[in-house]
Amino acid sequence: MSDYKSTLNLPETGFPMRGDLAKREPGMLARWTDDDLYGIIRAAKKGKKTFILHDGPPYANGSIHIGHSVNKILKDIIIKSKGLSGYDSPYVPGWDCHGLPIELKVEQEYGKPGEKFTAAEFRAKCREYAATQVDGQRKDFIRLGVLGDWSHPYLTMDFKTEANIIRALGKIIGNGHLHKGAKPVHWCVDCRSALAEAEVEYYDKTSPSIDVAFQAVDQDALKTKFGVSNVNGPISLVIWTTTPWTLPANRAISIAPDFDYALVQIDGQAVILAKDLVESVMQRIGVSDYTILGTVKGAELELLRFTHPFMDFDVPAILGDHVTLDAGTGAVHTAPGHGPDDYVIGQKYGLETANPVGPDGTYLPGTYPTLDGVNVFKANDIVIALLQEKGALLHVEKMQHSYPCCWRHKTPIIFRATPQWFVSMDQKGLRAQSLKEIKGVQWIPDWGQARIESMVANRPDWCISRQRTWGVPMSLFVHKDTEELHPRTLELMEEVAKRVEVDGIQAWWDLDAKEILGDEADQYVKVPDTLDVWFDSGSTHSSVVDVRPEFAGHAADMYLEGSDQHRGWFMSSLMISTAMKGKAPYRQVLTHGFTVDGQGRKMSKSIGNTVSPQDVMNKLGADILRLWVASTDYTGEMAVSDEILKRAADSYRRIRNTARFLLANLNGFDPAKDMVKPEEMVVLDRWAVGCAKAAQEDILKAYEAYDFHEVVQRLMRFCSVEMGSFYLDIIKDRQYTAKADSVARRSCQTALYHIAEALVRWMAPILSFTADEVWGYLPGEREKYVFTGEWYEGLFGLADSEAMNDAFWDELLKVRGEVNKVIEQARADKKVGGSLEAAVTLYAEPVLAAKLTALGDELRFVLLTSGATVADYNDAPADAQQSEVLKGLKVALSKAEGEKCPRCWHYTQDVGKVAEHAEICGRCVSNVAGDGEKRKFA
């Protein structure tokens, strides 16, 4: 028997079947670094229209987690897809380097500043620590396959950036947005510092809930208001609170002007409550026998005075819009030094902003004899005992509620009035302008707009000062007596900024005021406060984007971070940019959800359900992690687990196998000389290129919309359905058995070449390592890297006017599917082995029959059978299978006649008819020794 294997065009490629990504990717990274791939891309894109994605800086502390990976991979997908779309899209990664977490780490190792080290030495240690953290995180980000200017990132602790942060504050001061005030701010007693909104987390806490009676100073005036004369016992206004420790700072009782308030007679006294809450309060305090003596509107009680239960003063009733009927008594204990609503209404009524609590959370001397020096959270019991002793406590119980806590210490925080510097939301219209700017930004997903609008509309002034060691100094001088800013503040700040640009923030603390103030130095003091770290990152649109040469003065097109950044970086950036420039710093804002485990639970080390990106990369490779990110809908929570990553790896194998099939069948193909013109190609091959064209349109649209899971779904559908289960199956016969240089084979290779050129580019933003690997095996002259080019423009398709147009092949796909069902049943019944052992007769109604007949003898190649004939639908025998999909089709199957050709495996009756090749069929003889078979359609 002759060996005809050598006459076949068997697929051959060096592209490995197994990805072995964990082993191969580091080598690719080394090549990217050695070649300066990022620099090559920048050179290739020079002069193109720009797209700037400004990196929100992660905090330089600790190893990267799965959330970091999601963020950086999403950014990288966008940057790479924009590059392929013809943009110059530089990516400058950044890090947030100042602030409390770094201070705490350094304190743990070296002690607090001033103990073993001077403040200057402490700052140097902080800088050193941050630098090591940056290096560690940078290695992991690079390992993810993220391309960027990793050699020249921006750090908020770079001297120039620190200087520009000071300049940003100067601009805000110049525009009139800064003011100083003793306002209640979130205060952590462990940090001994004010906290930003974004540094506050909420946890359940058990607190005492108390109802307290404030006796009226003028009992007769109240009787007159309610129109009663006979009241048994004193009259009191009752407040409800869950923070008894704030009662020493009480300066008023807030009531709602339009609520009805009832005077209620109970045993031995009368109490004033919101009428709608009388029943619930009576139940709470355990009173069943009570009488409502009269009612008045809250406005009638304004400025009547009530005695503080244990302090030596009385307080007014005032009117406030913040009073609700959700809980309590309808009368709100008001301490302007301990709450933002209280502060606002206190300003309106000229109340004292009392703050009897020190920075460590203990009462200051002179507050109250039994409270001085006591921690506020331990004081609740003392205050409750005092109220009981004074006869003012109507009820006490425990309640669990959501309470603000420090994000770092996880301990409860307090509102505490301290002298701080604020960016005002309203004194120069910052709130109104910010709300206007929000409307001009595209928010992705679109619910982000309502979220940040609500936050801006309701947020208090931004406290930007901190009492910390490691941070950018505010660089202000205030008058010793008046505490007013120096009249030349902006000029002085620029002088400080110049020094910081040379020597870093230490230049401020080393500065002798006389150096820049001269004789005025005796009248002014340096403000010791540092800036909130959210000011550092929030000003990077100015301190980084405006000054980096690669951005060429263009504002950022996009900010992309987790959904928690509406109140964090998106907010601080919007505030600062609007205060400085009157406009938003971004055109688009994209947010992604948090990562959760496979059961939708938040990731936690204590539960043991965290997924380490380092582990995933070391076991599966970065491309699997990237594919998981891209295939997950980032607009909600992003579930990840070993099982989910295994599914991503399965999808990866499908894509890799498709790419490998293309490459293996391009063996011996030189596009420069072997390409077949579209009009001369086999129709099915043109259809396949048209499928790629349609897929590319969908994929590019999805990339443009940042809809990456749709990119992956469309890519998978193309590989699995259009190619894998139809086209690639059909062409194997022609590809392997036709003459090597025949139009039939070269047409097929031309299609595969066009498809591969498109596919490798679709993959590149997501499966960057694999795309780079595929690129190296593609035939023809090309640039060294796929990332320097643009989307493939060589695709074409069938015209609708052609008889065998896309609709024709769509119907053929359905016919093929119906034939497959019949073959599978025959295999199950042991009537045939493989499909080539079968011959089918298609009984079709006239319109479908005409389409099938048009393919002539090539119909069998589409159906992967050794024989295929078309007959009239009405002639179908009883055992023909009626199609459920195509009503005008019945399929009958029989065993193919003739012998099996050992070369093409088809069963035909002309095997052995040619003496010189007595073992093979006539078609194979033509392909081996003759002119080769001709194919028009398939």
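Using N, Cα and C of the backbone, Cβ positions are placed for all residues, glycine too.
Small disclaimer: the values here were computed from a predicted structure and weren't measured.
What Swiss-Prot records for this protein:
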| type | residues | note |
| --- | --- | --- |
| MOTIF | 58-68 | motif ''HIGH' region' |
| MOD_RES | LYS183 | N6-acetyllysine |
| BINDING | GLU561 | L-isoleucyl-5'-AMP binding site |
| MOTIF | 602-606 | motif ''KMSKS' region' |
| BINDING | LYS605 | ATP binding site |
| BINDING | CYS901, CYS904, CYS921, CYS924 | Zn(2+) binding site |
Shell of the Zn(2+) site beyond CYS901, CYS904, CYS921, CYS924, same chain only (C-beta within 8 angstroms of their C-beta centre) | THR737, PRO902, ARG903, TRP905, HIS906, THR908, VAL911, ILE920, GLY922, ARG923, VAL925
Near the Cβ of CYS901 (Zn(2+) binding site), how many other Cβ atoms are there if near means within 10 Å?
-> 24
Which of LYS183, LYS605 has the fewest nearby Cβ atoms, counting only those within 10 Å, among these recorded positions?
-> LYS605
Going by C-alpha positions, which of the recorded positions (LYS183, GLU561, LYS605) is nearest CYS924 (Zn(2+) binding site)?
-> GLU561
Number of helical, extended and coil residues in the motif ''HIGH' region' (58-68), per DSSP = 3 helix, 1 strand, 7 coil
Over the motif ''KMSKS' region' (602-606), what is the model's average pLDDT?
-> 81
Check the Cα-Cα distances from CYS904 (Zn(2+) binding site) to the recorded positions LYS183, GLU561, LYS605 and tell me which is shortest.
-> GLU561
One should report the C-alpha separation between CYS901 (Zn(2+) binding site) and the residue listed as 'N6-acetyllysine', rounded to whole angstrom, as 92
Top Cα neighbour of CYS921 (Zn(2+) binding site) in the set of recorded positions LYS183, GLU561, LYS605 | GLU561
How many helix, strand and coil residues does the motif ''KMSKS' region' (602-606) contain under DSSP?
-> 0 helix, 1 strand, 4 coil
Sequence-distant neighbours of GLU561 (L-isoleucyl-5'-AMP binding site) in its chain (C-beta under 8 A, six or more apart) | GLY56, ASN71, GLY568, TRP569, PHE570, THR591, HIS592
Starting from each candidate's C-beta and looking 10 angstroms out, tell me which of the binding-site residues CYS904, CYS921 has the most other C-beta atoms.
-> CYS921
How far is it from the residue listed as 'N6-acetyllysine' to the residue listed as 'ATP binding site', counting Cα to Cα, in Å?
-> 38
Conformational class of CYS924 (Zn(2+) binding site) under the three-state DSSP mapping | helix
Counting every protein chain present, what is the number of Cβ atoms, excluding its own, within 10 Å of the Cβ of CYS924 (Zn(2+) binding site)?
-> 27
